[in-house]
Every structure is written in structure tokens, then in C-alpha cells.
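Undergrad: Just lifted these from Swiss-Prot, have a look:
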DOMAIN    437-487  domain 'DHHC'
REGION    11-305  region 'Necessary and sufficient for interaction with DNAJC5 and SNAP25'
REPEAT    51-86  repeat 'ANK 1'
REPEAT    89-118  repeat 'ANK 2'
REPEAT    123-152  repeat 'ANK 3'
REPEAT    156-185  repeat 'ANK 4'
REPEAT    189-219  repeat 'ANK 5'
TOPO_DOM  502-529  topological domain 'Lumenal'
TRANSMEM  305-325  transmembrane segment
TRANSMEM  326-346  transmembrane segment
TRANSMEM  358-378  transmembrane segment
TRANSMEM  382-402  transmembrane segment
TRANSMEM  481-501  transmembrane segment
TRANSMEM  530-550  transmembrane segment
Amino acid sequence: MQREEGFNTKMADGPDEYDTEAGCVPLLHPEEIKPQSHYNHGYGEPLGRKTHIDDYSTWDIVKATQYGIYERCRELVEAGYDVRQPDKENVTLLHWAAINNRIDLVKYYISKGAIVDQLGGDLNSTPLHWATRQGHLSMVVQLMKYGADPSLIDGEGCSCIHLAAQFGHTSIVAYLIAKGQDVDMMDQNGMTPLMWAAYRTHSVDPTRLLLTFNVSVNLGDKYHKNTALHWAVLAGNTTVISLLLEAGANVDAQNIKGESALDLAKQRKNVWMINHLQEARQAKGYDNPSFLRKLKADKEFRQKVMLGTPFLVIWLVGFIADLNIDSWLIKGLMYGGVWATVQFLSKSFFDHSMHSALPLGIYLATKFWMYVTWFFWFWNDLNFLFIHLPFLANSVALFYNFGKSWKSDPGIIKATEEQKKKTIVELAETGSLDLSIFCSTCLIRKPVRSKHCGVCNRCIAKFDHHCPWVGNCVGAGNHRYFMGYLFFLLFMICWMIYGCISYWGLHCETTYTKDGFWTYITQIATCSPWMFWMFLNSVFHFMWVAVLLMCQMYQISCLGITTNERMNARRYKHFKVTTTSIESPFNHGCVRNIIDFFEFRCCGLFRPVIVDWTRQYTIEYDQISGSGYQLV
């Protein structure tokens, strides 16, 4: 190691700093505990750059180890210093090297006989404990290669995985689990890694990672019988509370005092926690009459309600308007009843965890009533050969592309449990276990252009966006079908608008040229309120579909990027972003971009470059052999 490296790292100056923050001691009065940040654990301050060169020849071996002065340390060891000998604070050289991430010194000391699991310091900890608590993944990997045991407990009863969890070192938690540590391991006080993460770490990780490893969310600790949800409430950890509720944490679990998480939230008068915990109870059917409880407990029924409500609402809006009733007061009361019904269904049965169900229901309902209108209102008025036949052919293509967009694999990146653990170990041991390329939810190395979808909760290759209108992500596996869906949907809507205008021309005694715009609008709305309602739906859908189709085609053909990449280009190092443009390494010219995206082939005249984006980890791929297209 170069000597200058020591001046740009953090150094711990004494073992008393190891226990600045409470560790794994029994917590006898959880209601009095304040949440503490893992960033303030007293391990030392960043060292500034030296303005002069010290005479290292006068340094003792502890100071030289802390600063990583390899030559001075070797000089003293060769002169007879015993590397196993603890200093006056009962701390060994291996501890000091581990806490300050001096990998070359660790290798040297172990080669000279240092004991890798020697206990030391006030907390009677191993060097691996010190490295873990400080968050040095590379040091953890190195020590475990030399046989360090992560399951050993320190003086407070914690093993390494508990320290990593409570200090938010997600990469170390992942590595320890991948190396065989039990995800539900309890410390001496009965606290699991999940409990520590819920109590100490106010971010999604490592809690999210632990949940992905199928941790037991409803275990209680040894002393208080608090579950992870109890500890999250005690700490006011709203981020983790949401994760635990999504993972199925038992909101009614009671601790040794008979208190639920909701009881603790009420004691703290935290409105956010109280509301979310009550909503979680209601979602499980508690606090409601028995009949509603049974229905609300049925997730499939709730999904059907969300899908079916738009069918009812769209029909009722048009039906009420079409009623032969002159009194708008009566119609207003009827619309009020529709609104009240929707509010009741929304509060009682809508499951907001099913993000796509309602938009998908709106799309399906709109198209259903449009087709009903087409066949029952337009069929006898329009020419079969020139209108109905093309419309039906377009509908077949629309249904096909919609079905493929909805139900096909968008490019989910899959891996077995063993593959996930192998990936974690490989990335950690090569110094690449970075959350920018590793997904802590799916536990996979993220291919280039991929992204974890928060709605679907899975990583998607060449992720474009999550589309609620098709109830699926749009990615490498279904993006072409999604474009086909937009294209044929736009034509279907155009035909619907044409049908409405033709219907008014045949059945309504008014014309735009004769009566003017406003009179024409009021006349056609009065002539057939249902038709006018369908026309408004068609115009609304035409606007967003047309805009979306144009944006998608521009991104695909002219920019060579996805929607996600365009929105987050500054986050990705491989994009060159200016105030006016985005330069993409995946942009190979308009014609080639289109051929590659749609995989066009034409009798050998051109052929696309096919890339498996589920396995592509770099921006370099063979563009020459595929050559995009060739003119013959």
C-alpha cells in the first residue's frame, strides 16, 4: 500500500469509541428508547491531508497500523514485535488494521501468525466485528477468506450480521447471508437482524434485502416479545413500517405487555403510523362487520371490484344522461348516488397495493362499451367492406398486441436462490457489490438498461416504464407488442370517432355548417347523450395515445433510449447529457434503431442486431457482426 493512501481514509483512534452507541445490550424499557442514527457511531473522523511529511521512523506500530504505513509496520515486526500482542487497551494490531481497512497489513500480520478471531477491546470483539461495524466489506471478505467466523458474538451478544443490520451495511448483510449465516439468527438478547434494521436503520435497506431472503417477520425478541413491527414503531421508522406491512407483518401481534404495534403508535401520538396501521387492519377485514370482513379478506374479490367498477360507472354515466327525464335535479341526484357508491367501493374494497387494477379496468371498460356502441349503434349505418371489415381486422391486431403486452414476460431477470448467493459472493469478492449494479430486492446483478420496478417488485431488462393501462411493465420482452398496441388502439379510436360523427349525420337534425359550433354541440348532445359520452371518451383516449405513441417513436428511432433512460439519464454514467441533448451509446442512427427495435428482416436486405438484455452487463456489444442492416 502506498503511504499516501492512509491520509484519505477514516481512522478509529481508540477502542472506547467502539461502544459510543448502544449495541446489543438488553433493552428493558423500549418505550424510553430514542432512535439513533448509525452514522454517529464514533469510529473516528476523516483525516485531512498532511501539509508536511512526518518522520514515520518515530511512530509506534499501533499508529503506523492505523495510518497504513506498511514499511514502518514491517520494520517493527521484523525487529521482533509480536503481532499477537495486544496493546494497553487490549486491542491487537489486527483489530486496528481491520477497523481502518488496511488490507495489506491484515495479510501481512496473518502471515506472521496473527490470530484472525482474537478477541480484544472493551467489547471483547474480533477484528471481523470491528470491520463489520465500520462497514468495510472488502475487509470482511478478506478476513473471512482467512477463516474468520462471523457467527461469534461480542461482549454485547451480537454477531456480525446483527452489527451489519443495525448500522445499515446492506452489502455486508447480503454477503454474510450468502456465506451461510442464518437470516433469522438471534443475538444473545433474542434480537434478529430484521429487528435491528427496523429499529436502527431509517432506509429501505437492509430491511428490504432481509425480506427478500424470506426472513420471519413475526418473530418476537427474547425479553419484550416485540416483533420487528414493534421496533419500527418504537423508532418512528416509517419507511420500514411500510415495508413490513407489505410483507405481511401481523399488526395484532402483542408484546409481553399485551401491546400491539398500533397501541405503541397511539402512545406516541404519531398520526402517520396510526393511520397506516389502522389501514392495514382494515385491509385484513378487521374493524368491519363480519360479511364485509369476509369479502375484504378475499384479495381476488377486491381485484374484481377494482376491475369491474369502471364498467358500471361508464355505463351509468351514459345511461343516466340518456334517460328520458327532463328534470336535471333528478339526474343530479342519480349521479350523486353513483358518486357515493364509488366512494363506498373505494374505501371498502379497493386495494391500493394493486396499482394497475383500476387503470386496467378503465381501459377494458372503455373499450368494451365502445365495441357495444359499434355493434349496436353503427352496424347498420356503415359500409361493411370499407368500414366494418378494416375495423374488425384492426381489432384482431389490437387484441393480440394488448394481450401480449399484458400477459407476456416483459423481461424479468430471473435467478435461483443459489445463483443469487453465488452472485453476491462473486461481486463482494471482486469489490463490485455496489447497490448501483446490485438489486437488493431481487438479489441479482443488474444488467445494463435494466431497472427494478417498484410496482411489479421485480427487475426488468431494458426497462421502459410500468404501464397501468396494460397492467404490466414494458421492457425488452414486450416493448414491440406495446408499440403495436398503441398503433392499433389509435386507429380503433379514430374509427370510433368517425362512427360517432356518421351517426349524428344520419340521426340528428343538425349540421356544423348550418347551425355553427356551439349549437351543433348542444344538439348532438341532446340527440344522443350516450353517443356524445362515447365521443368524449374517444377524444380523451385519442389525445394520450397519440402523444404517447409519438414520444415512444421519437425515443426509439431518434434517441435510441427508453423512457426510464430519458428521465434518469444523469444517473447513468454511460449517457452524455447536456442542457439540450442526450447522447446515448445505444443510438446507432434512425434507420438502424428502428430495424433493431422491431427486428425487421427483408429477404437478406437488412437484418437486426439481437441483444439479450437480460444478460448484457456492459454497453459494449457486437454491432458489427449483426451490422444492423445491409443493402444488397
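Our numbering is plain: 1 for the first residue shown, then up by one each step along the chain.
Here the Cβ of each residue, glycine as well, is placed from N, Cα and C on the backbone.
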Undergrad: Quick one: average pLDDT across the region 'Necessary and sufficient for interaction with DNAJC5 and SNAP25' (11-305), no decimals.
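TA: Computed over the region 'Necessary and sufficient for interaction with DNAJC5 and SNAP25' (11-305), the mean pLDDT is 85 on the 0 to 100 scale.
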Undergrad: Go through 305-325, 326-346, 481-501, 530-550 and flag the stretch with the largest number of C-beta pairs under 8 Å relative to the transmembrane segment (358-378).
TA: 305-325
Undergrad: Within the same chain, where does the transmembrane segment (305-325) have neighbours whose Cβ lies under 8 angstroms from its own Cβ atoms, ignoring anything closer than 6 residues to its ends? I mean 6 or more beyond.
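TA: Here the qualifying positions are 331, 334-335, 338, 342, 345, 349-351, 354, 357-358, 360-362, 364-366, 368-369, 528-530, 532-534, 537.
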Undergrad: Which bits of the chain, at least 6 residues beyond where the transmembrane segment (326-346) starts or stops, bring a Cβ under 8 A of a Cβ in it?
TA: 305, 309, 313, 316-317, 320
Undergrad: Take the repeat 'ANK 4' (156-185) and find every residue of the same chain, 6 or more past its ends, with a Cβ under 8 Å from one of its Cβ atoms.
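TA: 19, 23-25, 38, 41, 123, 128-129, 132-133, 135, 137, 140-141, 144, 150, 191-194, 196-197, 199-201, 203, 205-206, 209-210, 213-216, 219, 420-422, 424-425, 428, 433-435, 438, 440, 443.
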Undergrad: In the same chain, who gets a Cβ under 8 Å from the topological domain 'Lumenal' (502-529) while lying at least 6 residues past its ends?
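TA: Residues 318, 321-322, 377-378, 381-382.
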Undergrad: Could you tell me how many residues in the domain 'DHHC' (437-487) are helical, how many are strand and how many are coil under DSSP?
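TA: When I sort the residues of the domain 'DHHC' (437-487) into the three classes, I find 9 helix, 16 strand, 26 coil.
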